[in-house]
């Protein structure tokens, strides 16, 4: 009954309000019907992304890559003389962006890596075979070329200014799942995302919540001016599909790679700092009188390197590069990597509680000692391994610490004892049977002795490992 007692006064109030005697007899006008009209001003027009899409979409392409892979035979059937290894075709799909009207295209390296047959489909569905001008696994970028004769293709201008801000609207354009060109929208969620804040970084990614799915790799991330601010590269997701956490390689690095390829280069030469740095922790920041932990603390200087000539000192903290803040050592590495040898960079440094500015001339890491590449063969633990002398240039090429010291670096493994023994590319050989290994010639001399017992010391991931082998 309590519900009825509440309802009755309400109904009475409604009846009183609707009683004609309680107000004038004016008729309530009918509700106005909504009308449809074209946007009347630029602010209203910007509610649609269509103008940006019309400008950008024609320069985004689909890329398919095929390669032949050999499947290993089943050991069980091999015992009966059956099940020989078979070759099969493996394909991959991705996207790309036309950056020069004569048919130069940027994409992700993982889209075309190992591809023996690469096909580019333009937005108008025409298909062209493509060749790789430059592949850079460290940045996961590759530059392709298609032959379009005298035709001029639509291009996306590369924005390398780095002026994008968190919160800016962006569009992701690509070919997810091979369904055809697709446009999604979102914002820039974060800038300067690095994979490893403690080490080297080839990229400082743009993070976006625009939907990026398999097949979007190599596609365009564009701003509201229709400029290419990044190349979509990967996502973080437990399902394998978009969860709103996607990453794009910034325009500055994209332009660097494209310019290298356009100049006929096949290897990207990255400037180096010539110093070892480490993150600034909260404890370190407090001891240095810093209000927040940021930047890269200089721990060691390479004699005669760029940092030494610029006047950097141990315990300096690099806070900015060319006026842009760096959060950690990876940020410094990216800023240098996206510059060119010969460029002059301004470093904002905290030294003894005071801010100082230093000029650093960017230069490639030294390639001494010479590479001296060898493939080791014979009855020894390194049979089948390709090795080179370790130098700052080699270390930089493979993303290793240039301060790794002397030694011999394993760069590749073919069929042989080394692969079965567990050696890996990136291992640094330091000792064999008690003898220091400082160069390839030292390793060749030791393994030629024909010993049957071997004690090998390597460095892997900063950890020293010693193992014994019998050959």
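Every residue, even glycine, has its Cβ placed from backbone N, Cα and C.
On a predicted model such as this, the values are computed, not experimentally measured, just so you know.
If you check TrEMBL, you get these features:
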SIGNAL    1-26  signal peptide
ACT_SITE  110  active site, charge relay system
BINDING   110, 140, 215, 216, 217  substrate binding site
ACT_SITE  140  active site, charge relay system
ACT_SITE  217  active site, charge relay system
DOMAIN    282-326  domain 'PDZ'
DOMAIN    387-440  domain 'PDZ'
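On the structure: features taken from TrEMBL.
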residue	record	CB count, 10 Å
110	active site, charge relay system	18
140	substrate binding site	22
215	substrate binding site	22
216	substrate binding site	30
217	substrate binding site	27
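Residue counts for the domain 'PDZ' (387-440) under DSSP, split into helix (H, G, I), strand (E, B) and coil, are 12 helix, 16 strand, 26 coil. Beyond its flanks by at least six residues, the domain 'PDZ' (282-326) meets 162, 192, 271-276, 332, 335-336, 345-351, 353, 355, 358-363, 392, 402-403 of its own chain at Cβ-Cβ distances under 8 Å. Cα-Cα distance from residue 217 (substrate binding site) to residue 110 (active site, charge relay system): 8 Å (rounded to the nearest whole number). The two recorded residues residue 140 (substrate binding site) and residue 110 (active site, charge relay system) have their Cα atoms spaced 6 Å from each other.
DSSP gives residue 110 (active site, charge relay system) a helix state.
In terms of DSSP secondary structure, the domain 'PDZ' (282-326) contains 11 helix, 13 strand, 21 coil. On the 0 to 100 pLDDT scale, the model's mean across the domain 'PDZ' (282-326) is 95.
Listed in sequence order, the residues 94, 95, 107, 108, 111, 214, 218, 219, 232, 233, 234 complete the 8 Å Cβ shell around the substrate site centroid, once 110, 140, 215, 216, 217 themselves are left out.
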